[in-house]
Amino acid sequence: MSMVQIVDGNKIADKILIDLAGRISKFHEAGFSPKLIVIQVGENPASASYIKIKQKKAVSIGLSVEIRSYPESVSWAELQGAIGKIAGEPGVCGLLVQLPLPVHLDRQAILDTIPPAVDVDCLTSTNKQKIIKGEDTLFVPPAAAAVLEILNYYEIDLAKENILIVGSGNLIGKPLAAILLRQNINFQMANRRTKNLRELIKNASVIISGAGRPGLVTGEMIRDGAVVIDAGTTGSETGEIVGDVDTETVSKKARLLAPVPGGVGPVTIAMLFRNVLAAAALRFDIKNIQ
């Protein structure tokens, strides 16, 4: 039985947040107050719990976060108009729409009303295309950045590993693949159409799963001593967040496991705030706050 090391996402995040708190205080000293706006539509319990966590962490580092809530029945035109107005408010350096959205709203059309310069979640078509093409961007998608931060923290040399990314979504799979390609790091990708998923998982020394399918990766599927990063998040009816990985069985064989909750999630929030400060430096034209 291997001795697994469980990723402490809060510890990694706290280290980043201390650095960000120092930078935010420099903004305040210079007379600027960066602000993140979170748009919430409806009453999704998982969304509400995500937003609470973001707000609590932001307060701890002196970052202003405002929640703008809209009813489930809000129309596309109303939301589009509101986003346009909010983006122009003084001090707004980040604007995100908490997902999922109600089914009557076109998700990508709503996200594309966010100006790319404040799209700290990197979900506008403009920013996604830049990342996929390997172009320079102001922001790195927070969840993908968090995965890389964790691997770096535990000194996993990706150039020497057999990497498998499970899931080809916009939050993890696609941006992570684009970043690794740019760094000339080899990897394989699997999604719901992949026929030989079990074989790919068994051969991988690093498995990053962001498919959003609870119980997808189990202990009997992985090789001994694998590194397993659970970046899948599915909101349950009770507002709990569950991952893709069966923590109990995987922890018996892996050497490093980032579980849900407590692994990628806290680091993702720290990376989101890092993006807000990158936007703030641009908005307030401040070069020396690093």
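Glycine residues also receive a Cβ, built from the backbone N, Cα and C atoms like all the rest.
The 10 Å shell around the Cβ of S168 (NADP(+) binding site) contains 18 further Cβ atoms across the protein chains shown. Positions annotated as NADP(+) binding site by TrEMBL: G167, S168, G169, T233.
As a summary of secondary structure, the domain 'Tetrahydrofolate dehydrogenase/cyclohydrolase catalytic' (7-121) carries 58 helix, 20 strand, 37 coil according to DSSP. What TrEMBL lists as domain 'Tetrahydrofolate dehydrogenase/cyclohydrolase catalytic' is 7-121.
Taken together, the residues in the domain 'Tetrahydrofolate dehydrogenase/cyclohydrolase NAD(P)-binding' (141-281) have a mean pLDDT of 95 on the 0 to 100 scale. Per TrEMBL, domain 'Tetrahydrofolate dehydrogenase/cyclohydrolase NAD(P)-binding' is recorded for 141-281.
Shown in sequence order, V166, N170, L171, I172, G173, G210, A211, G212, A231, G232 are the same-chain residues outside G167, S168, G169, T233 whose Cβ sits within 8 Å of the Cβ centre of the NADP(+) site. Of all Cα pairs drawn from G167, S168, G169, T233, which the record names as binding NADP(+), the longest spans 14 Å. All chains included, 23 other C-beta atoms sit within 10 angstroms of the C-beta of G167 (NADP(+) binding site). The DSSP breakdown of the domain 'Tetrahydrofolate dehydrogenase/cyclohydrolase NAD(P)-binding' (141-281) into helical (H, G, I), extended (E, B) and coil residues amounts to 57 helix, 24 strand, 60 coil.
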